[in-house]
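**Q** Grabbed the feature section from TrEMBL, which reads as follows:
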type     : residues                               : note
BINDING  : 551, 552, 553, 554, 555, 556, 557, 558 : ATP binding site
COMPBIAS : 268-292                                : compositional bias 'Basic and acidic residues'
DOMAIN   : 549-736                                : domain 'Thymidylate kinase-like'
REGION   : 220-300                                : region 'Disordered'
REGION   : 742-769                                : region 'Disordered'
TRANSMEM : 25-51                                  : transmembrane segment
TRANSMEM : 57-80                                  : transmembrane segment
TRANSMEM : 154-174                                : transmembrane segment
TRANSMEM : 194-213                                : transmembrane segment
TRANSMEM : 322-341                                : transmembrane segment
TRANSMEM : 353-373                                : transmembrane segment
TRANSMEM : 385-403                                : transmembrane segment
TRANSMEM : 409-432                                : transmembrane segment
TRANSMEM : 444-469                                : transmembrane segment
TRANSMEM : 481-503                                : transmembrane segment
Ligand SMILES: Nc1ncnc2c1ncn2[C@@H]1O[C@H](COP(=O)(O)OP(=O)(O)OP(=O)(O)O)[C@@H](O)[C@H]1O
Ligand SMILES: Cc1cn([C@H]2C[C@H](O)[C@@H](COP(=O)(O)O)O2)c(=O)[nH]c1=O
């Protein structure tokens, strides 16, 4: 994930709010949230007042009915809401939803009956279901990616920060009820009625504000015909004539499609290549149109299919899976707290005041977590922080349940709130960044639906569980311990939160590089970065697969790169083959310098830095763009070559080389490194013709290089495949295929035909399939 400056300083909040469209959305969200909380309090109070003469059971059901009817629609309608958010004009959806909700809330005091209160409350919640994913999915359309975290912090701050404001407002209205009753004699319950009118008004204002937002008419859909250009600003993809190319003209690695500035007077070969590329683009465009028509029938996509796709997506990437799991675990734990919280406080003999304190501590903690957490841990990996925050909340909750003491409970509840708030803001941010616009609405809708289901289940089951466990007093000699059923439920919820935190941490940390957690945490607390952008967030969630072939001279790397690329393209993948040094324009110049035998006396450090410099450009220009669009990148040499040649060969300290290269590459680590292992003598004897500056080094040097490579592979066997390069070429290829196959993504999705078709096949300079 990119390092966006978290909120916490006024300047940071201002920088997000300086964006006028987001500022307008935020104002409308603040108003709607304030209205929502106010209406909850007003409806519960109204339900109590309207059932004043009924039995306590009816009164209990009336009040809890308000809450249940707020939750139930989410279970029924959420999936459809996601489709609406992804298919329809999000601005219109939000405006219509705000107006409808405003009308419904205003109608409650006008009608003044319990049955209509419950129905209108239910209907308003049904409408809110369509509003929420439309809003969630719109935020990334209004703010730059790097500011998403701040934007989400602000919207969450509003969502929860307005709760105490609404409570204060309602309390004020309640304390003025006598005066209000005199001013508005027609109102039976002036504070609740006025709260509901205010609520209605906030929704009308919100609708007017949203109407002014510059949201796209319909959500952006991925353009299947031009995926390669989606991430960068290239204008034209032209297949290169690989080997004959003039190094000064080309910026691409071997056999790779690259961006070319078409020369004013193109050569015959370039003209043909451009014609072929144009013809291919036309074919791809036609195929994309056919696919789009097939997918949408008469322009209308099948909603069930779209829902299914959204559902499948939610579980298809470790990151989203980890996030979903973590957030749902948090809902379950939160539901248990809500379910037993009031009784728990009673058992501590703290009554309503105590409940108020815990309520306040939770919200204060959440605000602190959302605001200060990302700021304090600015340098910490967001993927790791999510699980860590959740785990911290779980541990605090465990001790809240274990130690039945009101003061301690208040402090620990604040910690629970801080952890939950931090996890929530990070979770939403990561989802906003990682989930494609096309399915973002559905993903958020599923999160809301599943979250409410889990919440409802936890709220309903936790009191039963507490009752089943019961309260016990344990005595050991003079010591007694009150073991509360409610406390036990909190501990169970805490264990669940910790387990979920660990699982989601592991899922999301899978690609996050190998910086030890404590090292990173301590560095982050000191404000020192130990990770770089590529090692975290965005770049580790890259859809592509990065594979490197390493080995000494003549080991067969280029041969295997070629074999693998042919195989993978046949399997339907987009493949980018590349090499070091010399994959970019700058790299070609560096290569010429580095391998020039005339270049005598180069210092080992300068040599290492030049290779690292070539690599930095390579990663930035070639590797990352390809990985971002989902390609399989196969590189002939990478960081290990510097560690082996300049580290072991030139005897430079390997930690220093690793550090420089970590910085140069942004921490990008290959998914698999294949080491073609061969005695130096055998490899050198395979090379015909003259030698370059490095090949010309002594046999001792090359033997040290070989040992260097082997030590690297031995140290991290899970990331390496070591192959005996004396075996036949075919055998070596088969061995690599066997190891690589399980690491490959699913076979190409139906609409990526255009992607694979676009890439030239190695050995086929035409670039045609
Ligand atoms: N498994 C093998 N057995 C025998 N010869 C091989 C094998 N693999 C490749 N060769 C031959 O060895 C020579 C060097 O192969 P290749 O260029 O693929 O090696 P390389 O590792 O890329 O070399 P360099 O160090 O120059 O980058 C070529 O002539 C190639 O045909
Ligand atoms: C990436 C890298 C390479 N080298 C050396 C190894 C080779 O002798 C040449 C590259 O040429 P080839 O095409 O792979 O034969 O450069 C190095 O010393 N350090 C590196 O980081």
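Cβ coordinates are placed from backbone N, Cα and C, and glycine is handled just like the others.
Where in this structure would I find these features, and how exposed are they?
**A** Within the same chain, residues at least six positions away from residue 557 (ATP binding site) with a Cβ under 8 Å of its Cβ are 549, 550, 551, 636, 637, 676.
Outside the transmembrane segment (409-432) by six or more residues, the chain places 1, 136, 139-140, 148-149, 152-153, 156, 160, 319-320, 323, 326-327, 330, 334, 337, 344-345, 348, 357-358, 361-370, 372-374, 382-383, 385-386, 389-394, 396-397, 399-400, 403, 440, 443-444, 447, 537 with a CB less than 8 A from a CB of the stretch.
Listed by sequence, the residues of this chain that lie at least six past the ends of the transmembrane segment (481-503) yet keep a Cβ under 8 A from its Cβ atoms are 322, 325-326, 328-330, 332-333, 335-337, 339-340, 343-344, 347, 387-388, 390-391, 393-398, 400-402, 404, 458, 462, 465-475.
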**Q** By a Cβ-Cβ criterion of under 8 Å, what residues six or more beyond either terminus of the transmembrane segment (194-213) are in contact with it?
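**A** Residues 21, 24-25, 27-29, 31-32, 34-36, 38-39, 41-43, 46, 91, 94-95, 98-99, 101-103, 105-106, 108-109, 138, 142, 169-170, 173, 180, 184, 187 contact the transmembrane segment (194-213) from elsewhere in the chain.
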**Q** If you take the centroid of the Cβ atoms of 551, 552, 553, 554, 555, 556, 557, 558, the listed ATP site, which other residues of that chain have their Cβ within 8 Å of it?
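**A** In sequence order, the nearby non-listed residues are 676, 678, 683, 686, 725.
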**Q** Which has the fewest other CB atoms in a 10 Å radius around its CB: 551, 552, 555, 556, 558, the listed binding-site residues?
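**A** Sparsest of the binding-site residues 551, 552, 555, 556, 558 by Cβ contacts within 10 Å: 558.
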**Q** Quick check: in three-state DSSP terms, what is residue 555 (ATP binding site)?
**A** coil
